[in-house]
Amino acid sequence: GDLLKVKVNKLTSIKTQLPYSYYSLPFCPPKKIVDSTENLGEVLRGDRIENSPYVFKMRDPQMCTVLCRITLDAKTAKQFKEKIDDEYRVNMILDNLPLVVPIRRSDQDSSTVYQLGYHVGLKGQYSGSKEDRYFIHNHLAFTVKYHRDPQTDSARIVGFQVKPYSIKHEYEGKWNEKSRLTTCDPHNKRTVVNSNTPQEVEAKKEIIFTYDVEYQESDVKWASRWDAYLLMNDDQIHWFSIVNSLMIVLFLSGMVAMIMLRTLYRDISRYNELETQEEAQEETGWKLVHGDVFRPPSNSDLLCVYVGTGVQFLGMVLVTMIFAVFGFLSPSNRGGLMTAMLLLWVFMGIFAGYASARLYKMFKGAEWKKLAFWTACMFPGIVFAIFFVLNAIIWGQKSSGAVPFGTMFALVLMWFGISVPLVFVGGYVGFKKPAIEDPVRTNKIPRQIPEQAWYMNPTFSILIGGILPFGAVFIELFFILTSIWLNQFYYIFGFLFLVFIILLITCAEITIVLCYFQLCSEDYLWWWRSYLTSGSSALYLFLYATFYFFTKLEITKLVSGLLYFGYMLIASYAFFVLTGTIGFYACFWFTRLIYSSVK
């Protein structure tokens, strides 16, 4: 008999990607609409959680409860029609569980799939007419599943399901609060079981909203009530993708091991004087440029900034993943993932400042404050600018996905109040340390670079370098995109962590291999090239996102397309910074290693 509070969340659509708050449509409001407090992640996702007029009493079934009666005018009818056209779904929450619609699979073992939220309505034609009509789901048959504790006889909610129906309710006489419906009357055992006489959405028509609640006892324990939402039906494809990626890793590791053996232990074969002239030439290619290999690159400041940002990103992703793998960020904690990532990004600023300052000092830079400022502002600034434009577009659509001004201010405050000072602290510490010594002396006069073969052309080798890291992650990428754009839960963090480790190794190894070939052909400009080689996988990521957009998503509106590409651009840019930094550090370690063995 306890009261159960049903809350309503945003209306979502995978066709437009623009969430709206529930009461933006003229549904039955409660006496007073109260917003639930939301965390940062929920606000950024566009969740708007409010109270609703639905009143349930625990284990006390209800039949045909009338919620309210509304009469449509031209404007409200148009609003409903637009939302039905765009296939909007209504999301509700009971005891932190999202509402699902169970759908039986007709194929194979007739398993049940759960879809988040029910459709506002549907389009259809009357038999014998060609004209599209709009029908609204105005009768909801809720099922609340509970697990009973045999000792105390108290029960906990473990499931919240609904079957929506569209029915044109009828009643006798004039409408008042006590009117009985003839179409749905518990006393006459008349219940709604189908949508044979649906309720049409037209101006001047009245709609009566009703609902049933039934309670079912369930064997599902409270602790595992989320399992139904997270049913994994395709474990194999993840394992397949990981095995696939491991093959790439093994192949690359073999090449790296070969290179290491040849360069570091070549002295042995000096004794076997059987080498041909050509072989000797091939070996000494990289030794000839020892006087130039540690010459600071052009735009070295920018490289320092990007490397620092990449370190910040790497730290954020690693810590987030570790938390997620241990189950701290499960989908039941709405917005938790987003909040955690933002906070971690801000606090990792100290490492960004440190990494960029160390590199800067090695390049004989002197103005560390200027560098720290750029490190703190460049990447977040570009991302914030894109985000701001996208937010303005969403704002123009009056969607709840638009981040309110207060939250925007909080983000800027986190950026300039926590992140920027931390970058300066890191920069100060990094700059105070003694500079990293080069293993070989750099000549005064730069050596001339000989003409390169076509396959050693910078553009070509950079583009080739991005293919393998992208190939290692792209199957997992498909699942991530699906969870973001098709409103599904993503929780396979264990797999994601494995894939991420594989990505790190692949980026490092492909960069080392290509860097070695480059040095052997006496081209010593490796600083930027090492960053761009693995970073170019971001280009493939963006191309894949474009392919996904045209093959999997049904987005037709320009605004939604802009949103998709805007957010994917931010994601690709972040991926570029992350993979580029891994490649750079791998190469940095590798060149220092092989040149320290040159006597």
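Yeah, the Cβs are placed from backbone N, Cα and C, and that goes for glycine too.
Just so you know, TrEMBL annotations never went through curation; they're auto-generated.
Under the heading transmembrane segment, TrEMBL lists 239-261, 303-329, 335-359, 371-396, 408-431, 462-486, 492-519, 531-550, 562-590.
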Near the transmembrane segment (335-359), which residues from the same chain, at least 6 beyond its ends, have a CB less than 8 A from one of its CBs?
38-45, 47, 303-305, 307-309, 311-313, 315-316, 319-320, 323-324, 328-329, 368, 371-372, 375-376, 411, 414-415, 418-431, 433, 436
Using a Cβ cut-off of under 8 Å, list the residues of the same chain at least 6 residues beyond the transmembrane segment (371-396) that approach it.
18, 301, 304-306, 308-309, 349, 352-353, 356-357, 360, 365, 402-403, 408, 411-412, 415, 419-420, 423-424, 426-428, 559, 562-563, 566-567, 569-570, 573-574, 577
Going through 408-431, 462-486, 492-519, 531-550, 562-590 one by one, which has the most CB pairs that fall under 8 Å from the transmembrane segment (239-261)?
492-519
Under 8 angstroms, Cβ to Cβ: which one of 462-486, 531-550, 562-590 has the largest number of such pairs with the transmembrane segment (303-329)?
562-590
